[in-house]
Amino acid sequence: MENRWQVMIVWQVDRMRINTWKSLVKYHMHISKKAKGWFYRHHFESRHPKISSEVHIPLETAELVITTYWGLLPGEREWHLGQGVSIEWRQGRYRTQIDPGLADQLIHIYYFDCFSESAIRKAILGHKISPRCNYQAGHNKVGSLQYLALTALIAPKKTKPPLPSVQKLVEDRWNKPQKTRGHRESHTMNGH
């Protein structure tokens, strides 16, 4: 019988970022209690030798599974050192990989109080609204003018430590495009 390959998306992440993610998840599971129902599986509870940890986040009938890996082939840069993260959405027997932005939005919808665009309509109708969003990572678009006005009126409260963001976990801060200086500010360009 021939070998059958299963391909999955694994985001290359440096080890310190994975450690920070694990610490934030454990903090919000056990101390702040904001991550109720989340399940953390340690590396020694997994039968797969490359799995470092798994975080299972229930979403009504589905669940989000964020798996961290170690011992993978080294990445393009020396700081990657074979660490990675995969994000999977599971419902029954159906499984699919999702991107970090969508994962953050799903976590945001199901777990954290939000001062969202529906707050505008609720405020106009005289209903009580949540004063702020506890999970800013779940918002990936610019809101309407009314939404921006309401958020300016009620500033979001920063939580210490921050809530675990999947997008922040896989963010590539090393390969962001460099900002170039303007012509007047560049000392090497004009020889001064």
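A Cβ is built for glycine as well, from the same backbone N, Cα and C atoms used for every other residue.
Note that the structure is predicted; figures quoted are calculated from it, not measured.
Annotation comment: Swiss-Prot describes 14-17 (among others) as region 'Interaction with host APOBEC3F'.
Restricting the average to the region 'Interaction with host APOBEC3F' (74-79) gives a pLDDT of 64. Positions annotated as region 'Interaction with host APOBEC3F' by Swiss-Prot, on the basis of sequence analysis: 74-79 (among others).
The feature region 'RNA-binding' is assigned by Swiss-Prot to 75-114.
Long-range C-beta contacts of T96 (phosphothreonine), restricted to its own chain and to partners at least six residues apart, with a cutoff below 8 Å, comprise E88, W89. When secondary structure is read from DSSP and collapsed to three states, T96 (phosphothreonine) falls in the strand class. Annotation source Swiss-Prot lists phosphothreonine at T96 (among others), citing sequence analysis.
Marked as Zn(2+) binding site by Swiss-Prot: H108, C114, C133, H139. Its Cβ taken as reference, H108 (Zn(2+) binding site) is surrounded by 22 other Cβ atoms within 10 Å in the chains shown.
Annotation source Swiss-Prot lists phosphoserine at S144 (among others).
Positions annotated as motif 'BC-box-like motif' by Swiss-Prot: 144-153.
Residues or ranges marked as region 'Multimerization' in Swiss-Prot: 151-164.
If you look up Swiss-Prot, you'll see S165 (among others) marked as phosphoserine, on the strength of sequence analysis. The local packing around S165 (phosphoserine), expressed as other Cβ atoms within 10 Å of its Cβ over all shown chains, amounts to 21.
What Swiss-Prot lists as compositional bias 'Basic and acidic residues' is 183-192.
Among the features that Swiss-Prot reports, phosphothreonine is placed at T188 (among others).
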Q. Rounded to a whole number, how many Å is the Cα of H108 (Zn(2+) binding site) away from the Cα of S165 (phosphoserine)?
A. 10
